[in-house]
């Protein structure tokens, strides 16, 4: 019998096993990191061979279940990240997953259906291979010893890596050891969740840190500052910026009271990083969560302000997330469950509190977060059909505009000001099942270009700056902008809005979902253009 005939006979007998290996290999090479691919493939194959030689069916299933489910989940996550964002899964995505609340996950299930199907298919495929006891395969002793060698070698390499890391950082981290070991296994993406867990623990350790600032407090003539942070808002869908549909009539009606930023850009295309960049001393080029305690809430508290944080983003996992590490420093925090309009009664209550203190009231909106069709009451829809994704997204913008109009109404007779900006934009590709989505690797300008303006009450008269700002201004410098807006600054930073804008305008550096730094100006304008700025053929965006 020739070698080819032997191979053909073996392939015929074990074709399902070969199929599993091929699917695992291709998926990991294309949609995941190719790092340590040999070890991962050996780990995968040898584990299957060991399990297939367990004679007891209940025991075989008991051992197989966690292996099958974890491997299928890992591959499905890789496919989702690659197909949706054009990048491999990373610790930034892992942090976003860990910070997602159950309500948000349920709302977004429709976006995940193809990948849930992939998870089910892969689970069944791997289970179909493992479930059959096969005496024709090498014995457990042989495959078990080989698997033990692979695991031992991987663990040794991981320990070496963790030791070098501990030597450099003067501290051992079990998360680094776990993360490194995961890269040698079929559960590669667990390494990112280990890194995210490490970040979570670091954040917990510094969340209660309240630095002391040398402050300069200047009277701006404003008593009430309302900071509104929008979510996933595209400038291209706002009539305030020239969009054809009337999505922002309330803000446009206040145009004479507004200082508009035409080219505001977010520092990052996802909330977990973009909001801390905007509200703390953290920066695009020197990202470090130890910068988070240097934030607008702690500054306002020390300056004698009464501070409030009102959020319609779920209170789930309130401790140990980047945004909540800032929010928790406010004197009063409120989390509502439902639409953004539920924040208005709490805003009214905050305004009615009799105090001689100035007030900083932060409203963190759900805004236009995907799926946009769930971001507003159906009774508030003005664009049809309501199941069209473009109509839904425009309705979510219109709903936020309505809320802003109500905020202006509450503040029009007060010495008050409102600053509004969105945490980041969104990509748009009409050829995709989910037309709107977060920016990924080398995102387009649409993922960063955000609305931003400062509204001044008519009571303040003409003594405030309402001129339009046409230069690029990154919200990564909003920490300084907000400080100057409140009149609460440190000696080393610009003291007025004009000085902040003059100092930081034109800085167009941004970070993508892969933590790479890019010049916003050099990015393609739209997702449906290729990296050189040319339109992509229909259906290939």
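Even glycines carry a Cβ here, placed using N, Cα and C.
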With Swiss-Prot as the source, which of 244-264, 265-285, 286-306 is set down as transmembrane segment? 265-285
Same membrane side per Swiss-Prot: residue 96 vs residue 240: yes
Look up transmembrane segment in Swiss-Prot and report which of 40-60, 61-81, 82-102 it refers to. 61-81
Match it up for me: which of 6-26, 111-131 does Swiss-Prot list as transmembrane segment? 111-131
Cβ under 8 Å, sequence separation of at least 6 from the ends of the transmembrane segment (111-131): give me the contacting residues as numbers and ranges. 16-17, 19-20, 23, 48, 51-52, 57, 60-61, 64, 67-69, 71-73, 75-77, 79-80, 83, 370-371, 433-434
Long-range CB partners for the topological domain 'Periplasmic' (132-141) (under 8 A, at least six residues beyond its ends), listed in sequence order, are 13-14, 49-50, 52-55, 57, 60
Need one number: mean pLDDT over the topological domain 'Cytoplasmic' (82-110). 70
Which numbers of helix, strand and coil residues does DSSP report for the topological domain 'Periplasmic' (132-141)? 2 helix, 0 strand, 8 coil
